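Chemist: Sharing a structure below in structure tokens format, with a few things to ask.
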Ligand SMILES: Nc1ncnc2c1ncn2[C@@H]1O[C@H](COP(=O)(O)OP(=O)(O)OP(=O)(O)O)[C@@H](O)[C@H]1O
Ligand SMILES: [Mg+2]
């Protein structure tokens, strides 16, 4: 039986004498010994009980030591076992041949005990060290492989993480953008709402006194007419009144007064008429509480908006008055939030007026327009589109929008107007109202040098 911690040395030799001498030497030195008397038996033996080292004689019956060595080295299970040849002193060729076949060393016959033991020990040590190194190498290689795999996995995870972070960042930036936009729009809407409430209050306060003036003017006109007729009758029947009356008649320029007073009253009536119209538009514009969807006549709201913007259409400086052409089509009532829609119309029409103010009007002749000179004009056209939508088109023949800024028009805070004039929120609010709040469509077409057309499309429900 083999002891597990003892090294087994296999001696292969056909000479019983040699076997005995070597066995004794090795056993005395503490090794375990196995023997074989020819190459083939040795190979078989090694197959089922591999030794730690082989001492191999060259000259043997059957296959010789060289052949035995070649076969052992050709077999993966035995190729690493160190082989020491045993050779006669003079056989240099044998020594070289043996080493070339993979032997680690040779021992010269006749043996010297210390030399045999020394060589066996050295080679066993070398063998153990080599084996340990190989094992370590294998473990290291395995570790390296595992580490490479782990690193690849880590790298993949890092990439995935980076991608996720990037996606999150994009989403967060988008959310922040949306929030900022929503916030500004909210603030703006809030401002519009408070302004609307204030306007409604003021309009209400002014309405009563103005209505009473307006209502009384027709009475005043009748009274004045009666009084003037009475004066005429007096003049007819008393052609030569007292000198004091004659003087007063001259003083007050009665003839001019009789002619001018009715005109004056008429223009006062027209003035109050216009104030009443404005008040009614103001109330129409502002009393509608935002957030309520009702069915309305779009034309009525367009008209209210126009009344309030009337003052901006008048001639100003070198710019002639802006002509407003309304081409209202036959459209059904539309369900919408009229307070918000008024904001949309105001913003788009104001933009058109601003654009016409920007235009170069040096070519206009205020006294008279020739046919080829264009008048600053705004067209408002309404029509049914695709039977399920109404389209409200607001066109101007201003300078148009440069192609390079067209994609940025709806961005909040994008403006080309000087600081203090435009906030750049107008169109982004319009988009929010038309698209997000009404499910409609807001688009534009612009030809630089020709003009611009904005179209609001609303679904008929
Ligand atoms: N009809 C138009 N013709 C030419 N340019 C226009 C017209 N409408 C809009 N624009 C351009 O689009 C820009 C953005 O318009 P938007 O209404 O959003 O902001 P704004 O008018 O500059 O400022 P705000 O409306 O807040 O007072 C304007 O500054 C202008 O350059
Ligand atoms: Mg604007």
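Keep in mind that glycine also has a Cβ here, set from the backbone N, Cα and C atoms.
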Chemist: Can you dig out which of the ranges 140-178, 179-217, 218-256 TrEMBL describes as coiled coil?
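Modeler: Per TrEMBL, the stretch marked coiled coil is 140-178.
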Chemist: What are the DSSP helix, strand and coil residue counts for the domain 'Response regulatory' (8-124)?
Modeler: 54 helix, 26 strand, 37 coil
Chemist: Report the same-chain neighbours of residue 57 (4-aspartylphosphate): residues 6+ apart in sequence with Cβ closer than 8 Å to its Cβ, ordered by sequence.
Modeler: 12, 13, 14, 15, 18, 65, 85, 86
